[in-house]
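In what follows, a structure is listed as structure tokens, so that the remarks can point back to it.
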Amino acid sequence: MSEPKKLYIKTYGCQMNVYDSERMSEALGGQGYVETQSPEDADMILLNTCHIREKAAEKVYSELGRFKGLKAEKPDLKIGVAGCVAQAEGEEIMRRQPLVDLVVGPQSYHRLPELEAKARAGEKALDTDFPEEDKFEKLKNRPKAKRGPTAFLTVQEGCDKFCAFCVVPYTRGAEVSRPADRILREAQDLVERGVREITLLGQNVNAYHGAGPNGDMTLAGLIWELNKIDGLERIRFTTSHPNDMTDDLIEAHGTCEKLMPYLHLPVQSGSDKILKRMNRSHTAESYLHLIERIREARPDILMSGDFIVGFPEETEEDFQATLDLVEQVRYGYAYSFKYSTRPGTPAAERPQVDPQEADDRLQRLQALITRHQREVQDAMVGRTVNVLFEKPGRLPGQMVGKSEYLHAVHVSGGELSAGDLRPVRITASGANSLAGALL
Ligand code: 5AD
Ligand code: SF4
């Protein structure tokens, strides 16, 4: 038998890319590849790229340039670019960097085996179409390898919201939901392989409306079906849009026992003027009212969010409105970014905020968010939480896992294994994690 070929995948960006990289690795497994952690050993290098942050394409080109030496030493080495930069740049990638053999957009991963064969035959292989078929259905059915206790599962892709700053509707395309039966089968399979917590993924996950046995199913409907799977202990989902927080989903947060009390619900800004210019189609007040309703359903829910500062035409007053909103919500986690232009999006053409002013706002916002994060985390001390243990910690005999609120929790001693779900009393709050003792 010939030696297996080695595949090195580098993943950038969101959890959906992590999921996609796993599927690509499985698909190329069928072509005789095994994964390696070092590019020097690889017969194929695949960069799974992200386009959400600034100068994404430039960073990919400079990363590609670093493989020049490797390719000179090993002419059979194939280099591929996947993900949102592949989608956005297309053929241009091969023009600008001739050592690239393969370019594949996120909707075409099921064609990877054909593309790989084409690249092996010495041709340039490119696919950035948006086909109608379910790529994951075509990517499945690798041998049933054991898995860790947590997994991502993509249920929905793409977005029709067209926020004025965002490339996702262009790189990931229109919103598409996978049929519920396929998701449920995949979830069952994950559980049989050792998974106890599933995070449902989608760029607009709560807009999920996949075909179910009696017409389309909502995300809440899907969660209730997943709730029935024996051995699955926890369900999470991300990322949601405020306008798609339907009543049944809010209610599920209060009644569905496996649905975790954590919700990532980006608002982006606290100023109605800016929200309007961002094309967000909600106001600060409607967002706050929504959170009130979610907290009525599940009082202990930990809220998480995303913010953009320095969006075109944001004034100090608009920024103050963002700080006010953050004060009112008190996020347990929040991610804030300085606006950066994405060519082709509506906001790219508008007058930009002074970069120093934007930096200053970002620092002020992050200071406030960090303070709240700290307070929310510190308030866990003395409480009992359930921890799903994932892996050994840095100290001997220590294990790390996540509480239902997604805080990392360290526990020492107690014969714990990955996959154990145990009540833990929190004893201390550290820089980025909690410490506790088994009950
Ligand atoms: N500039 C800055 N931040 C952005 N995000 C998306 N597009 C941009 C952009 N052009 C942020 C949003 C989104 C998160 C994933 O990334 O806050 O919710
Ligand atoms: Fe981008 Fe999210 Fe807005 Fe869709 S809803 S355009 S993914 S920020």
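Indices start at 1 and increase along the chain as displayed.
Every residue, even glycine, has its Cβ placed from backbone N, Cα and C.
Just so you know, TrEMBL annotations never went through curation; they're auto-generated.
Here is what TrEMBL records for this protein:
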BINDING   C14, C50, C84  [4Fe-4S] cluster 1 binding site
BINDING   C159, C163, C166  [4Fe-4S] cluster 2 binding site
DOMAIN    5-121  domain 'MTTase N-terminal'
DOMAIN    145-378  domain 'Radical SAM core'
DOMAIN    378-439  domain 'TRAM'
Legend entry - Sequence-ordered binding-site residues from C159, C163, C166 with Cβ under 6 Å of an atom of ligand 1: C166
Inset, instruction - By Cβ count within 10 Å, point out the most packed of the binding-site residues listed: C14, C50, C84, C163, C166. - result: C84
Inset, instruction - Among the binding-site residues C84, C159, C163, name every one whose Cβ is found under 6 angstroms from ligand 2, counting any of its atoms. - result: C159, C163
Legend entry - Pairwise CA distance, C84 ([4Fe-4S] cluster 1 binding site) versus C163 ([4Fe-4S] cluster 2 binding site), rounded so that it is a whole Å: 17
Inset, instruction - Would you list, in sequence order, the residues of this chain other than C159, C163, C166 that have their CB within 8 A of the centroid of the site's CB atoms, where the site is the one recorded for [4Fe-4S] cluster 2? - result: K161, F162, F165, V167, V168, P169, Q203
Legend entry - Tally of residues which DSSP labels helix, strand or coil - the domain 'TRAM' (378-439): 1 helix, 33 strand, 28 coil
Inset, instruction - Quick one: of the binding-site residues C159, C163, C166, which has its CA closest to the CA of C50 ([4Fe-4S] cluster 1 binding site)? - result: C166
Inset, instruction - Sorry to bug you, but what's the C-alpha spacing from C159 ([4Fe-4S] cluster 2 binding site) to C14 ([4Fe-4S] cluster 1 binding site), rounded to the closest Å? - result: 15
Inset, instruction - For C166 ([4Fe-4S] cluster 2 binding site), name the DSSP secondary structure in the helix/strand/coil scheme. - result: coil
